[in-house]
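Q: Below are the features listed in Swiss-Prot for this protein:
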type	residues	note
BINDING	Ala8, Tyr9, Ser10, Gly11, Gly12, Leu13, Asp14, Thr15, Ser16, Gly117	ATP binding site
BINDING	Tyr87, Asn123, Arg127, Ser175, Glu260, Tyr272	L-citrulline binding site
BINDING	Thr119, Asn123, Asp124	L-aspartate binding site
Amino acid sequence: MSERVILAYSGGLDTSVAISWIGKETGREVVAVAIDLGQGGEHMDVIRQRALDCGAVEAVVVDARDEFAEGYCLPTVLNNALYMDRYPLVSAISRPLIVKHLVAAAREHGGGIVAHGCTGKGNDQVRFEVGFASLAPDLEVLAPVRDYAWTREKAIAFAEENAIPINVTKRSPFSIDQNVWGRAVETGFLEHLWNAPTKDIYAYTEDPTINWGVPDEVIVGFERGVPVSVDGKPVSMLAAIEELNRRAGAQGVGRLDVVEDRLVGIKSREIYEAPGAMVLITAHTELEHVTLERELGRFKRQTDQRWAELVYDGLWYSPLKAALEAFVAKTQEHVSGEVRLVLHGGHIAVNGRRSAESLYDFNLATYDEGDSFDQSAARGFVYVHGLSSKLAARRDLR
């Protein structure tokens with residue numbers, strides 16, 4: 001078996017320390033793999049050089065922005081996926097893509113071991129390792145942060161002692177994960193639930209309590225569930241996310257302060273920013289309200305929740321998720337049209353929707369002249385619909 005270790009590299013504290021630590025403690029060569037998911041910040045060339053400076057024998061950078069948008073963000077929209085009705089799976093959907101590219105790098109660079117920098121308290125360890133087991137069960141997994149009980153203080157001390165080029169201090173110990181779909185911030189004083197987030201935590205959104213300028217009205221167009229236009233201009237999925245990140249972020253839309261149930265059994269607090277994601281999910285959900293038949297819509301809302309739970313729990317490659325997506329593909333056949341939304345003061349308000357596939361019938365819905373609804377049929381419908389309840393009540397009154 002090869003002694004090379006293929007490491008999922010973010011450029012942050014834990015994975016930078018991991019490169020040096022693996023080399024010093026095990027003698028194995030490390031190939032660092034950094035994936036560009038549209039996270040912005042440092043240039044990927046800088047991240048690549050940092051990996052080399054930390055001791056990696058090779059550092060691979062993969063531009064996966066379009067792949068991430070089309071293959072991972074889009075399914076999140078199609079499934080209206082909000083874990084616990086709030087979290088749009090910012091980090092969760094990125095992990096299976098990283099796993100895919102780490103496995104590819106292991107095959108290309110002769111690696112028999114894959115490594116990640118996740119702790120034993122988080123969900124990401126599960127997402128990575130279940131992903132590896134699904135795609136490459138022959139690979140060994142190394143998790144130094146978890147298996148050797150690193151704390152952030154220990155990692156910072158190791159970085160300082162070994163001159164690892166990483167900008168993290170004990171006074172600013174936030175853990176940040178970001179991509180084009182959103183941004184997640186945790187640890188530090190945020191671990192105390194009563195502490196309000198400070199302004200410096202946010203990067204994707206403006207302060208909605210200050211920016212009370214002109215509201216931004218945007219029209220998002222869909223074809224078979226897929227976002228295809230913004231204000232009538234054709235866009236790719238990536239371009240749609242980027243445009244709505246910019247516009248919704250300027251209005252303070254997409255800030256989320258969440259206490260969520262982690263897979264490992266604990267509750268954790270996360271601060272999320274996902275302006276474009278929240279606009280797209282809101283618009284898509286609204287268009288489904290117009291185009292899906294009642295029973296289909298009801299059932300899909302159940303599968304939406306289950307899909308979000310599967311992805312959150314690291315089961316991206318599971319048979320159930322694949323089966324749900326086959327169902328969802330069928331539901332999207334008529335989800336075409338446009339939704340108009342107003343973005344302002346941190347809020348999203350839908351104020352218009354139109355679709356050639358709409359099930360809304362004006363003549364049936366109107367209370368004015370032209371009403372074509374046969375109200376004489378209502379009496380019998382109400383009687384039959386409530387008959388079982390009536391019979392049960394009659395029995396209970398005996």
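Glycine is no exception: its Cβ is also placed from the backbone N, Cα and C atoms.
It should be emphasised that the depicted structure is a prediction, and the values quoted were computed from it without experimental measurement.
Give me the structural setting of these features: burial, nearby parts and distances.
A: Asp14 (ATP binding site) counts 22 other C-beta atoms within 10 Å of its own C-beta, drawing on all protein chains shown. In the three-state DSSP scheme, Asp14 (ATP binding site) falls into the helix class.
The 10 Å shell around the Cβ of Asn123 (L-citrulline binding site) contains 19 further Cβ atoms across the protein chains shown.
Around Asp124 (L-aspartate binding site), the same-chain residues at least 6 positions away in sequence with a Cβ under 8 Å from its Cβ are Ser91, Arg95, His116, Cys118. Asp124 (L-aspartate binding site) falls within a helix when secondary structure is assigned with DSSP.
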Q: Roughly how many angstrom lie between the C-alpha atoms of Thr119 (L-aspartate binding site) and Ser10 (ATP binding site)?
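A: Cα to Cα, Thr119 (L-aspartate binding site) and Ser10 (ATP binding site) are separated by 14 Å.
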Q: Tell me, if you would, which residue among Tyr87, Tyr272 (binding-site residues) has the fewest other CB atoms within 10 Å in the structure shown?
A: Tyr87
Q: Around the L-aspartate site (Thr119, Asn123, Asp124), what further same-chain residues have their C-beta within 8 angstroms of the site's C-beta centre?
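A: Filtered neighbour residues, in order: Cys118, Lys121, Gly122, Gln125, Val126, Arg127, Arg262, Val264.
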Q: Provide, as an integer number of angstrom, the distance between the C-alpha atoms of Asn123 (L-citrulline binding site) and Ser16 (ATP binding site).
A: 20
Q: Starting from the Cβ centroid of Ala8, Tyr9, Ser10, Gly11, Gly12, Leu13, Asp14, Thr15, Ser16, Gly117, which together make up the recorded ATP site, report each further residue of the same chain whose Cβ lies within 8 Å of that point, ordered by sequence.
A: Val17, Ala18
Q: Kindly assign Tyr87 (L-citrulline binding site) to one of the three DSSP-derived states: helix, strand or coil.
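A: Looking at the DSSP assignment, Tyr87 (L-citrulline binding site) belongs to a strand.
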